[in-house]
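According to TrEMBL, the protein has these features:
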- 42-474: domain 'Amino acid transporter transmembrane' (DOMAIN)
- 22-42: region 'Disordered' (REGION)
- 45-64: transmembrane segment (TRANSMEM)
- 71-95: transmembrane segment (TRANSMEM)
- 130-154: transmembrane segment (TRANSMEM)
- 174-190: transmembrane segment (TRANSMEM)
- 196-220: transmembrane segment (TRANSMEM)
- 286-307: transmembrane segment (TRANSMEM)
- 327-348: transmembrane segment (TRANSMEM)
- 391-411: transmembrane segment (TRANSMEM)
- 417-436: transmembrane segment (TRANSMEM)
- 448-475: transmembrane segment (TRANSMEM)
Amino acid sequence: MGVESGEGAAAVKEKYQQSLGISSDAGNTSKRFDDDGRSKRTGGVWTSSAHIITAVIGSGVLSLPWAIAQLGWIAGPTVMLLFSFVTFYTAALLADCYRSGDPVTGKRNYTYMEAVESNLGGLKVKMCGLIQYLNLFGTAIGYTIAASISMMAIKRSNCFHESGGKNPCHISSNPYIILFGIIEIIFSQIPNFDQIWWLSIIAAVMSFTYSSIGLGLVIAKVVANGTNSGNLTGVRIGTVTQAQKVWGSFQALGDIAFAYTYSMILIEIQDTIKSPPLEAKTMKKATLLSVGVTTAFYMLCGCMGYAAFGDQSPGNLLTGFGDFNPFWLLDIANAAIVIHLVGAYQVYSQPLFAFVEKWAAEKWPGNEFIIKEIKIPIPGFRPYNLSLFRLVWRTVFVIVSTVISMLLPFFNDVVGFLGAIGFWPITVYIPVEMYIAQKKIARWSSRWICLQLLSIVCLIISIAAAAGSIAGVVLDLKTYKPFQTSF
C-alpha cells in the first residue's frame, strides 16, 4: 500500500514537473515541454516571417496599382510607406502583449482575443469579437467577388483570342459567383481548422504564383510602352469628376490598409516561437523583416502597375491584359487566384464557423440536431462525421455571402471597406490600448499622448476610407442592375 502511494505521488510529481517544463531526469522533460506544459515550440525569425508574408500577400495586392493611380506618384508611395510603418509599430506593441504581466514568465495568450481579454476585458472584448467576425464575413464576400472576376477573365481571354479580337465577349458574373459558392459549400464541410492545413499550403503557393506573374507582366508592359504612363497627382480631373477623384483617393486608403492587414493572427504566429530569446524580441525582428519584404513587393506591384496602365489602371491588376500573348500565362495567374481564394475563404471563415457552433452547443447542450454526428464510411479513408447543424449553418452562410456578392460585385469598393473597418480597431486601437494597460503608461504622459494621437489619426483615415468605399458602391449601383448586367 505504501509502495503504491509512493508510486502515485511520484507520478503526480512527474506530471506536475512536466507541466512546468522541469524534470529530475537530467532535464529531458524540459527539453520536450514549454513552461505552459505544451510541446516545445520551435519557431524562429524565419518561420514567423514566412507565416506573416504568406498571410499578408494575397488578393489585396491586385488593387494596389489602382490605389496608386488615385493618389499619384507622390502621395501613393508615401501613403504605402506610412501604412507599413504603422503596421510594424503597432505589431511591435501587440507582440509585447503575448504574455500578460512579466515578459519572461507571465501567462501566455494563445490568440488575439485572449490577449484582449487578459489586458482589457469587458466591453472591448465584445467589440473586438463583433468587428472580427464582421470582418471575416466581409472577407468571404470580397474573396467570392475576386474569384468570380478571375474566372470571368479566363473566359474573356479565351473568347477574345478565339474570335481574333472581334467579339467584345460580354460575360455575366453571376454564374461564376454561384460556381464559387458551390465549391465553398463543399469545402466548408471540413469540420475543423486544423484539418485544412494542406489547403492553406496550396493557397500560399498560388498566392506567390499569381503575384509574381502579375509583377512580371506589368514590368514587361512598361518596357514595351517605353514610357511612364502615370503622373504626380494621379488620375486627372476630366478622366473622372472631381467628386470621383476625392472619393477614389479615400477608397485607395482602404485598399492599401486591406493589403497590410494581419494583426488578427499575429498572436497566433507568436505562439509558435521558441524561447529564449524572448518571444516578443523574435517577433519584432520577424515583423520588421516581413513588413520590409512585403512593402518592397507591394511597391513594385503598385508602382509598376501604375506606370504600365496610368489613369486606366484596373481595379484588379490581372484584368488589364485582355490582349496579352501568350494568353495562357494570364490564364495560369487567374486560375492561381481562384485556387488561392478557395483556400483563403476557408481560412477566414473557419473561425466564424467554430464560434457559432460552440455558441450553439453551449446554448442548447441537449439538442441532437446540434450535437449529433452521423458517421459516413468513405472507402480508403476514415469515416466522415456529418453534423446536420454544421451542414445547414455553413451552407446558409455560404449562400448568404454568395447572394450579397451577386448584389454588390464591386471588388475595389468591398476591399476598401474591409480595409477601412478592420484597420483602425484591429491594427491600431486595440493594440495601443493593450500596450498602455500592459505597460501601465500614465494618462497624459508624453508617451500616452503620442499613442492616442496615432490612434486618432488612424481613426480619421479609416473613416475617410470607409466613406470613399461607400461612395464608390453608391456610384456603381447607379449603373449596375443586379442579376442582369454583363461585364
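Quick reminder: no glycine exception, Cβ is built from N, Cα and C everywhere.
Bear in mind that the values here come from a model prediction, so they are computed numbers and not experimental data.
When each of 130-154, 286-307, 327-348 is checked for Cβ pairs under 8 Å to the transmembrane segment (196-220), 327-348 comes out on top. Under 8 Å from some Cβ of the transmembrane segment (45-64) lie the Cβ atoms of residues 80, 142-143, 146, 204, 207-208, 211, 214, 255-256, 258-262, 265-266, 269-270, 272-273, 282-283, 285-287, 289-291, 293-294, 297-298, 301-302, 305, 315-318, 337, 340-341, 344, 411-412, 415-416, 419, all in the same chain and six or more residues away from its ends. Long-range contacts of the transmembrane segment (417-436) within the same chain, counting only residues at least 6 positions beyond its ends with a Cβ under 8 Å from a Cβ of the stretch, are 60, 86-87, 90-91, 93-94, 96-97, 115-116, 119-120, 124, 127-128, 131-132, 134-135, 138-139, 142, 253-261, 263-264, 448, 451-452, 454-455, 458-459, 461-463, 465-466, 468-470, 473. Among 71-95, 130-154, 327-348, 391-411, 391-411 has the largest number of CB pairs under 8 A with the transmembrane segment (174-190). The list of residues near the transmembrane segment (327-348) in space but at least 6 beyond its ends in sequence, with Cβ under 8 angstroms from a Cβ of it, reads 58-59, 62, 136, 139-140, 143-144, 146-147, 150-151, 153-154, 157-158, 160-161, 180, 183-184, 187-188, 190, 196, 199-200, 202-204, 206-207, 209-210, 213-214, 217, 318, 321.
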